[in-house]
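Now, the feature entries from Swiss-Prot:
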- 1-21: transit peptide (TRANSIT)
- Thr98, Ile99, Thr100, Arg105, Lys283, Gly333, Thr334, Val335, Thr336, Arg337, His338, Asn351: NADP(+) binding site (BINDING)
- Thr100, Ser117, Pro118, Asn119, Gly120, Thr121, Ile122, Arg123, Arg132, Arg155: substrate binding site (BINDING)
- Tyr162: site 'Critical for catalysis' (SITE)
- Lys235: site 'Critical for catalysis' (SITE)
- Asp275, Asp298: Mn(2+) binding site (BINDING)
Amino acid sequence: QFSPNLSFSAFFPIITFTTATMGFQKIKVANPIVEMDGDEMTRIIWKYIKDKLIFPFVELDIKYFDLGLPYRDETNDKVTVESAEATLKYNVAIKCATITPDEARVKEFGLKSMWRSPNGTIRNILNGTVFREPIICKNIPRLIPGWTKPICIGRHAFGDQYRATDSVIKGPGKLKLVFVPEGQGETTDLEVYNFTGEGGVALAMYNTDESIRSFAEASMAVALEKKWPLYLSTKNTILKKYDGRFKDIFQEVYEAGWKSKYEAAGIWYEHRLIDDMVAYALKSEGGYVWACKNYDGDVQSDFLAQGFGSLGLMTSVLVCPDGKTIEAEAAHGTVTRHFRVHQKGGETSTNSIASIFAWTRGLAHRAKLDDNATLLDFTEKLEAACIGVVESGKMTKDLALILHGSKLSREHYLNTEEFIDAVAAELKTKISA
């Protein structure tokens, strides 16, 4: 389902760089990347990013999948599955934000079905862990000013409350948890609670050793790559067996494959109680990876985003347990409100930084897999150009609002395209330096 016309020949003539012509030698990339296009305002931004910040400098073989809602509907969501399978094949995917349809969207687009979240589908196929990390600009005030370094949060995106079975209990009676083993073996029959009054509520949830182990491997790999310490948070003092299993598996994985590497890198792995960890996070300066169980990761990633200032400055990378397959995207949605203005021909000022960083993080991973130092250098220069532009006072409206508050006026910010043009100009300066 990808478009072959987006695959550029590896035998493209080399353009040598000269300051006189401002021509750039395009960086050759040996292996393909998977591109997943998206919806609404982020789809508009996505094209600007490719045309102004990526294609003029990098010669890419792109396996293109259109994950825009109309095409997902046309293919009965097969395109989403195919894009995830291609990611497993090529190891690097870069994804634009997409709509997860609700009833209103089914009506708006005339959909055949209320298709599932593309992120959920992709996550299940890749069996990955989602890592979110803020982009820090020195001049954008943070709600928690002590956070001078990023905190990268890894959320175990499987099981627990999100795959649980819950029930309302009507009246008195016994609640039991029963496990029936396959084949031989005795049934385990645990009495949970004896309801005597009007009843109440009950919940049964689970996780698997395989999934916890994958989560541990991905977390260890990310922390080592960043050369930051790793913390796992649980409540094993209360859930001695359930959370205790997370603690034990992480420790096993660490000692079996990572301890010597961590010691050589001067970093460490440590288990912490979730309440201690939240208190530590609040008073720390940042600079670590925080591995969270599913629910904790859901809550704490939003707490971090707000503390650092903005979801518009938050990257999201799905890391697979093989350590070499990733999918990079922005942590925010499709910016529908701005898209409605754009549809009417109005001016928008949409923050493209997290979408640009989806490209840089994806390409940086491709560079590491291919041992392509030139490509890695390009991604670092593009990230520095983004941050440099904001720190020089040129930014989109959302960031200007954090800076100027009620005194905000039009001269304080650039529109959507002007901001990307400013980043492109800064990038060219950095490349030709």
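Each residue's number is its place along the chain shown, starting with 1.
Note: Cβ is positioned from N, Cα and C throughout, glycine not excepted.
The most densely surrounded of the binding-site residues Asp275, Asp298, judged by C-beta neighbours within 10 angstroms, is Asp298. Here the CA atom of Gly120 (substrate binding site) lies 16 Å from the CA atom of Thr334 (NADP(+) binding site).
Of all the binding-site residues listed (Pro118, Gly120), Gly120 has the fewest other CB atoms within 10 A of its CB. Under DSSP, Arg132 (substrate binding site) is assigned to a strand (E or B) in the three-state scheme.
When the alpha carbons of Pro118 (substrate binding site) and Asp298 (Mn(2+) binding site) are compared, the span between them is 17 angstrom. Around the Cβ of Thr336 (NADP(+) binding site), the same chain contributes Glu40, Met41, each under 8 angstroms and 6 or more positions distant in sequence.
Across the annotated binding residues for substrate (Thr100, Ser117, Pro118, Asn119, Gly120, Thr121, Ile122, Arg123, Arg132, Arg155), the two most widely spaced Cα atoms sit 20 Å apart.
Near Asp275 (Mn(2+) binding site), with the C-alpha within 10 Å of its C-alpha, lie none of the binding-site residues Thr98, Gly120, Lys283, His338. Counting only residues at least six positions away in the same chain, the Cβ atoms of Trp115, Arg116, Ser117, Pro118, Asn119 sit under 8 Å from the Cβ of Thr100 (NADP(+) binding site). A simple way to gauge crowding: the CB of Ile122 (substrate binding site) has 24 other CB atoms within 10 angstroms, across all the protein chains here.
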